[in-house]
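The feature ATP binding site is assigned by Swiss-Prot to 12, 13, 14, 15, 16, 17. Look at Swiss-Prot and you will find 4-182 tagged as domain 'DPCK'.
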C-alpha cells in the first residue's frame, strides 16, 4: 500500500496546483475528492438517481446531468436539504477515495481533499499537508478563477474550517501566498 499524504486547504489556496507539481516531479498518483464528487453524480449513478428521487426531475438538465445551479438553490435555502445531500454523497465519495487509494501503484499517493478537516478525514492519510494562504489571497484567486464576487467567496470561506483549524491538523505546511513560477 502506498504512503498517503493528504493535501488540504481553503478555497483558492492552490491545492490542485501543488498536487499537480508533485505529480509532475515525482510521478505519483493523485486521488482528488473534487473530481470524485463530480463523478458520483454523473448520469446513471446511484448518487444522481437518489438526488432526482429526492428533489424531482427539475433537478436535472435536459441532457440528464445534474443542474448544479438548481441544486445549490435547494440546499442553501434549506439547511436540512444540505444535510440530506451530504449524508448521501459523503459516504459515496469516501468509499471511492478509499478504493482509489487501495488501487494506487505509486510509492506515495496524494489525497486532495478540500474539506478534510471539516469532515474529519485525516484518518485516511499518513500525513496531512496544508496549503496555506492569507484570506485576501484566497478571495482574490477565487474571484479571478471562478468569476464570482467577494461576498460569495466570503460565504464559502465562512462555511469552511478556519485557517487556524486547518493549521492545527497539519503535519506539514506549504505557504502558497506567492505566484507560482512554471
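The backbone N, Cα and C atoms fix where each Cβ goes, glycine too.
Packing around residue 12 (ATP binding site) is summarised by its Cβ count: 23 other Cβ atoms lie within 10 angstroms of its Cβ, all protein chains included. Taken residue by residue with DSSP, residue 17 (ATP binding site) is part of a helix.
In this structure, 16 is the one among the binding-site residues 13, 14, 15, 16 with the smallest number of other Cβ atoms inside 10 Å of its Cβ.
Each residue in the domain 'DPCK' (4-182) has a pLDDT score, and their mean in this model is 93. Using a 10 Å Cβ-Cβ cutoff, residue 17 (ATP binding site) registers 14 neighbours.
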